[in-house]
Amino acid sequence: MKKNEKANISASYNDLIATICNPRISDVGTYRIESVVGEGSFGKVYLAAHLLTNTKVVLKSSCRKQAIILAREIHHHRRLLHPNITRLYEVVCTEDRIYLAMEYCPNGELYDWVAREKRLDEKTTCRIMWQLCCAIQYLHRQGCVHRDLKLENIFLDKAYNVKLGDFGFSRDSDCSRRTFMNTRCGTVAYCAPELVQGHKYIGECVDIWSLGIIMYALLIGRLPFDEDDVSLTEQKIINECPQYPETLSKNSSSLLKSLLCKDYRLRPSIDQIISHPYFKENGYHSSSIRDPRPSSKAEEKVRKRLEFVGVDMDQLNASISQQRCDMFYGWWLLLLEKEMRKENKKKKGLFHLHKGSSSAVHIAPATPSLKTAQVSVMSNNQDSLKSRHTSSDSSNSLLSTFRSWLFDPKQKHTADTLSSSAIRPRTPSPSAENYLTQENFDSDNLSESLDNSVENLTVFPSINSFGRRHSNLPQTTHVDTGEQNTPFTPPLLKTVNLDGNKDFTFPSNSQNSPSKSSNLSINIDIPPSPLQNTVISPQPTRRSRTPIRSLSGRSSVASSRNSSRTRSYSNVSSASSNSLISIISSKPSSSTVQRQTPFHSPFERLHKSFHFPSGEPFNTRINATAIFTVGSGRKNPQSSSSLMFNQSSVKEEEEPEETSFSDSSKHFTDLL
């Protein structure tokens with residue numbers, strides 16, 4: 001017995017040494033690194049997951065020597081909250097590295113999509129350009145210009161929605177003041193003529209020109225000005241006009257010509273672009289643009305959940321108001337995004353949950369005031385067994401419990417749950433543990449079923465038989481097969497217990513019962529009344545997305561990567577940016593006295609015994625210094641402004657004369 005104990009101690013000791021000596025990074029702050037998705041001279045780009053919300057993010061790693069360069073990007077990026085702009089969640093500083101946790105876009109760059117497709121149809125191009133114009137309009141109204149718009153800096157999320165990124169060249173600009181700039185930056189093939197000539201330029205006009213280059217590449221499949229020789233490319237930008245194929249529609253050709261006008265004074269403003277007939281004929285109107293700010297209801301829900309798990313609300317409020325990009329601010333944004341997705345799905349009226357080969361349950365709210373919940377009805381016994389087996393895994397028990405606290409504050413959690421070595425699956429309600437332990441875990445659907453208790457279950461048929469509702473019967477369940485309307489009592493029933501008191505039953509093996517592969521449309525109402533009106537429709541409702549065809553050929557857009565380009569940056573004018581530079585450029589103290597790790601009392605009850613799938617313990621104390629800085633307040637410029645400028649009324653703002661162009665690095669721009 002003693003020999004076995006010594007052997008276990010020795011093995012544990014060796015594992016500890018191997019973990020400490022392993023040069024590979026496994027965790028950065030509250031993020032678990034999964035893989036490397038990019039690499040350049042600035043550092044590596046990792047795919048990671050937030051440990052407490054299980055949300056995938058991108059970690060951009062940079063050296064501390066580039067703190068001044070990163071300060072500009074962080075300063076502008078952290079205050080941009082728009083559905084078509086990549087989100088900056090958190091900035092984690094270690095002894096020698098700086099990590100930026102940003103939104104993950106699984107479908108990569110728009111450049112790669114255009115290279116595969118060669119060119120896009122006008123309908124798809126219109127949708128992409130509309131989303132991109134909405135992002136640019138928001139950016140300009142925030143008093144900021146991008147100055148490096150290109151296909152490589154536009155990313156696509158899971159649904160192929162546009163996400164604008166890479167704000168390394170961004171600069172404060174006020175449309176009402178009509179500020180001139182003189183720093184040469186960006187990518188040559190996307191640069192405006194006045195910038196290439198070395199003249200002073202207006203940042204908004206440069207962004208409009210770049211929009212025209214992007215639209216040209218989407219419709220035609222190549223860049224209008226792109227040569228291997230940089231000087232030849234510049235000469236074409238200044239002297240030549242792009243060729244417009246006759247296949248283009250009248251409105252698209254009209255918009256392209258206005259965007260690629262050589263005279264910046266004749267280019268339209270972003271508000272005029274959004275009102276162009278090209279978008280109106282495709283069903284996009286400026287009146288349909290919604291306020292990107294999250295609703296107060298979603299914010300209140302997230303605050304209550306964070307307060308429930310013990311977060312210091314004073315510190316959280318300070319992080320939000322000052323946009324510190326620390327651990328609390330990142331946690332807040334991740335949960336707020338989940339809540340916003342939940343509200344958007346509620347507005348559509350249908351929820352979809354797919355679990356392998358089991359029957360999916362679609363829940364349609366009867367009225368907006370009624371609560372809704374999400375239930376998974378599994379007709380496959382193997383799926384059920386796998387789910388139970390996974391939920392009993394002791395390595396995930398405490399993390400699952402914490403997530404259920406976070407997403408379901410109304411759920412009662414006893415002290416037995418903490419002390420148990422495994423979380424037992426509970427059937428009375430669809431809690432967070434059951435969703436977390438399923439094989440095909442969908443974090444977007446997790447929060448759909450939270451904060452809801454189910455008392456009354458009403459099943460509605462699909463659209464074809466929506467008007468066929470039965471009268472209220474207290475004891476008999478009716479099944480609508482589309483052919484008959486008679487009471488049906490099957491001998492074999494499956495039971496889904498929703499609240500511990502009332503069961504919903506339907507036939508498991510019957511000729512009149514729906515097949516195992518069909519989807520059921522269910523509406524769950526929660527008034528204080530008994531079980532009523534059960535109608536089952538066997539008609540499947542499945543979502544499908546046509547995959548993008550893969551082409552072996554490659555567009556001439558790829559040639560833009562061959563030219564050599566460099567970058568330069570002007571001084572950061574904002575006071576908050578100067579403070580930011582001093583923070584992230586300062587090195588940790590080299591004093592002999594060991595600096596005590598800051599401890600946050602809100603996590604006292606959680607930080608000792610977290611365990612994850614790999615078996616490695618996790619301490620929720622902050623293990624990396626985050627940036628704390630106060631963003632200076634600024635007034636938003638006038639929203640209605642035209643870039644038809646008068647030279648005599650323009651105020652010039654001097655910048656140090658520098659010449660720099662960016663290279664077309666993959667996923668994130670290579671900082672030189």
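Each Cβ is built from the backbone N, Cα and C atoms, and glycine gets one as well.
The secondary structure of Asp148 (active site, proton acceptor), as reduced to three states from DSSP, is coil rather than helix or strand. Residues annotated as active site, proton acceptor in Swiss-Prot, with sequence analysis given as evidence: Asp148.
According to Swiss-Prot, the feature ATP binding site maps to Val37, Gly38, Glu39, Gly40, Ser41, Phe42, Gly43, Lys44, Val45, Lys60, an assignment based on sequence analysis. Within the same chain, residues at least 6 positions away in sequence whose Cβ sits under 8 Å from that of Glu39 (ATP binding site) are Val45.
According to Swiss-Prot, the feature compositional bias 'Polar residues' maps to 375-384 (among others).
Positions annotated as compositional bias 'Polar residues' by Swiss-Prot: 472-487 (among others).
Summarising the annotation, Swiss-Prot assigns compositional bias 'Low complexity' to 508-523 (among others).
Look at Swiss-Prot and you will find 531-541 (among others) tagged as compositional bias 'Polar residues'.
Annotated compositional bias 'Low complexity' per Swiss-Prot: 549-572 (among others), in sequence order.
Positions annotated as compositional bias 'Low complexity' by Swiss-Prot: 639-649 (among others).
The feature phosphoserine is assigned by Swiss-Prot to Ser231. Around Ser231 (phosphoserine), no same-chain residue six or more apart in sequence has its CB under 8 Å from its CB.
As annotated by Swiss-Prot, region 'Disordered' applies to 375-396 (among others).
The region 'Disordered' annotation in Swiss-Prot covers 416-436 (among others).
Sequence annotations record features per position, and here Swiss-Prot assigns region 'Disordered' to 464-572 (among others).
Positions annotated as region 'Disordered' by Swiss-Prot: 632-672 (among others).
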Round to the nearest Å and give the CA-to-CA distance linking Gly43 (ATP binding site) with Asp148 (active site, proton acceptor).
-> 20
Reported as an integer number of Å, what is the Cα distance between Val37 (ATP binding site) and Asp148 (active site, proton acceptor)?
-> 22
Using a 10 Å radius on the Cβ of Gly43 (ATP binding site), the other Cβ atoms enclosed count 19
Within 10 A of the CB of Val37 (ATP binding site), the number of other CB atoms across every chain shown is 17
